[in-house]
Amino acid sequence: MEESEDVPKDFIKLKSEKLSVDEVSELVVSPSCGAVSLFIGTTRNNFKGRKVIRLEYEAYSSMAETEIKKICRYVRQKWPSVKHIAVHHRLGVVPITEASVIIAVSSPHRVESLEAVTYCINTLKASVPIWKKREKKGLSFQICLLMSSTS
């Protein structure tokens, strides 16, 4: 990639297929950056002491994408050295151990990318209209708004 082609980009995707850590991290690699920070949120097998069988996500997609774009704009204001940002969120059923969200941020130095990726996941959970259903053993689905979820 030529340096002139390496303009800052945001990669936002909501999809029902399995997420790829390699694909998301490759999107943000840049010859001008020495850091790529990743957050990978996976489905765990428990929540508040109860066994979880799987998660299922639904979203108001156009609004979710708009809110994620706002997050990216804020990141660029607060950490101007950030080069690329990728936010991929899975929709539909997400089995135990699979990724439900992957966020990647590149910057010349690690501090900015680490702080930016932390801001991205915290703000996504607080403000993006994505709903999470947990199927617990022996219980029907529990529906909770991701933005009000504590985990």
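A Cβ is built for glycine as well, from the same backbone N, Cα and C atoms used for every other residue.
What TrEMBL says about this one:
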BINDING   His109, Arg110, Lys125  substrate binding site
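Per-site Cβ counts within 10 Å over the binding-site residues Arg110, Lys125 peak at Lys125.
The Cβ of His109 (substrate binding site) lies under 8 Å from the Cβ of Gly34, Ala35, Ser81, each on the same chain and at least six residues away in sequence.
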